[in-house]
Structures are given as structure tokens and as C-alpha cells.
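See structure below.
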Amino acid sequence: MMEKYHETDADLKDLSGKTIAVIGYGSQGRGQSRNLKDSGLNVIIGIRAGKSRDLAKSDGFETYDVAEAAKKGDVIMILVPDENQAAVYKAEIMPYLTENKCLMFSHGFNIHFGQIVPPANVDVIMVAPKGPGHMVRRTYEEGKGVPALIAIEQDHTGNAKKLALAYAKGIGATRAVVLETTFREETETDLFGEQAVLCGGVTSLIKAGFDTLVDAGYAPEMAYLEVLHEMKLIVDLIYEGGFTKMREAISNTAQYGDITRGPRVIGNESYEAMREILYEIQSGEFAKEWILENMVNRPTFTALTRADEEHLIEEVGSELRAMMPQFKKN
């Protein structure tokens, strides 16, 4: 079983007197930084000039170029996109990564796949909230928190776990639960979840269901409502209480169809495809493919994204959502 940590297991004093340099001010950067600041910790932002820097300033932070922030920081949390981290690290962080500093991540991709190789005389840790930045912030403001993972790759100072737990407490994660993992486990399971289930699996399943109904002559609007719009209702129930709560809330007809037809949709071929996807992640094949894709300016990424944006389900969804008051901006 995984080690689990809560409020009493972490102490913000382990970060007192230290400067936390958060590199990047996107969704996670903004959410984590504001929580840390409101927890009484000293946070600065390392970011290039632009709208995000202006936003960080308006949120009350001291902002610096990345190199200057890395120089000032005792703890350096890298929250720029995965594909940019290695270049930013080599050019603007590595020269200032002196002994006993702490290098921190919220995803293990670049450490696990060797794109960033820190010196041996620093701590290398991960604190990974299991939710987007706006949720990290919102739950904190509500007096709650999102769960998080911590991992220790290097413990040069002997205090790496204390720092990880203190940071997790600073962003509100110990109000929920903090689980200890490894960079390898977090990276491989996170990528698999995104590709096979949460993003790739769900979107492909929805499109397949939509296309099946439309090809059979049903109205695209009906297909959209049945396979996409109602998805949130089901997922919310599962999120709140697992499959049991969801099945308690649906009709007996729906439940019978669920337990007898679902395994025909996600059958042996799907399991085999999932195993292949997991192997591509474990072997580094996916990482290599994604790194090379970025080196040539993402032609496949751009083409496939454009194709999905032009799918009929997006056109129909846009029209229907425009009629629904819950999606109208005030």
C-alpha cells in the first residue's frame, strides 16, 4: 500500500526562510503560487515578459526573468510545459543550481526520460496535485484541497521529504491526502491515464458513439446529447461515489445495458491496445516520439488537432451549447 500523509505529517516551518521560485505562471503556476503565498511562504515568479508576467504582478508577486529567479530561489519549482522544460532548465536554471538547492516538478516526464539530469548535490522532488490549477486554487479557498503525489528522486540534504510535504501542505493538498510514489510510477501512470482513458480513450469513445448514431441516420443533435452532453452527469456520479453510486442513480434498464453491453465495447481488443500503449510509455517510445514531434514543430499534433476541431460533433456541440443558459457568459 502507498504511504499516505495528512495535515499533521507536514510542517510549513520546513520551508520558512526559504525562497520558492516558481518558474511559469500558467494554470498550475498560478494556482500553486497563490496558495503557497496565502500559506505564508515566500514565493517569487520566474517568467518572461508578457501577459502572464503582468498577471503575476497583479496577483501581488515579485517577478523576475527565469535565470534571476533561479538564482534567488532555494526551491525551484518548474511549471512550464513539459516540452519546454529541458531547454529552460539548461539555459536558465542549471547555471544557478548550486549545492543544497531543491529542484521540484509537478510531473516526472523530463526526469524519468532523462531530458533533465540534475547535479548530484541538490534535492530533486515532485509534488503533483491531482487536479488542474484552478481547482487547486478554488478548493484551497474553500478550506479544502486536492490530493497530491510526492516523490523523491534525490535526497542530497536529507530533508527532501520534509520539503515535499511542506510544499504539499502549502498548496492545500494535505487537507485531502498526499500519496508517496516514484518519478517512474507517476510518469508512466499519468501518461497512460491521459492516453488510454481520460483524454484519448474518452474522446475516441465519444466520437465513435456519435459517428455510429449519425451513420445510422439519427439526428446529429440527438447523437450529441446522448453520447457527449450526458457524459458529465455520469462522470460526476462516478467521481462522487464510484460505480456503485452511479448505478444507484440510473435506471435498471441503463444498469443492465451497462453491465452486459459495456464489456462488448471495451473487450479484449481494447485491453490489448491498452497494453501496447502502456509498453510504448514504459519503453520510452512515446517520449521519443513526442520529443521528436516538438523538434520538427509538431506537424502531426497540428494536423490531428485540426481534424478533430473540424469534426461534426464540434459544430453540433457549439450550436447546442449556445442555446443552453449554463454555458452563456454573463
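Just so you know, glycine gets a Cβ as well, placed from its N, Cα and C.
Quick caveat, the model's predicted, so the values are computed rather than measured.
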Margin query: With Tyr25, Gly26, Ser27, Gln28, Arg48, Ser52, Asp82, Glu83, Asn84, Gln85 listed by Swiss-Prot as NADP(+)-binding, which of these, Gly133, Gly143, Gly145, Gly158, is given for the same site?
Written below: Gly133
Checklist line | Average pLDDT across the domain 'KARI C-terminal knotted' (182-327), rounded to a whole number | finding: 97
Note to self: Using a Cβ cut-off under 8 Å and a sequence separation of 6 or more, which residues in the same chain sit near Ser251 (substrate binding site)?
What the structure shows: none
Checklist line | For Ser27 (NADP(+) binding site), nearby residues of its own chain (Cβ under 8 Å, 6 or more apart in sequence) | finding: Pro132, Gly133, His134
Next item on the list: Compare the C-alpha of Glu194 (Mg(2+) 1 binding site) with the C-alpha of each of the binding-site residues Asp82, Asn84, Glu226, Glu230, and give the closest one.
Entry: Asp82
Next item on the list: Round to a whole number and give the Cα-to-Cα distance in Å for the pair Asn84 (NADP(+) binding site) and Asp190 (Mg(2+) 1 binding site).
Entry: 18
Next item on the list: Would you kindly give the Cα-Cα distance separating Asp82 (NADP(+) binding site) and His107 (active site), rounded to the nearest Å?
Entry: 8
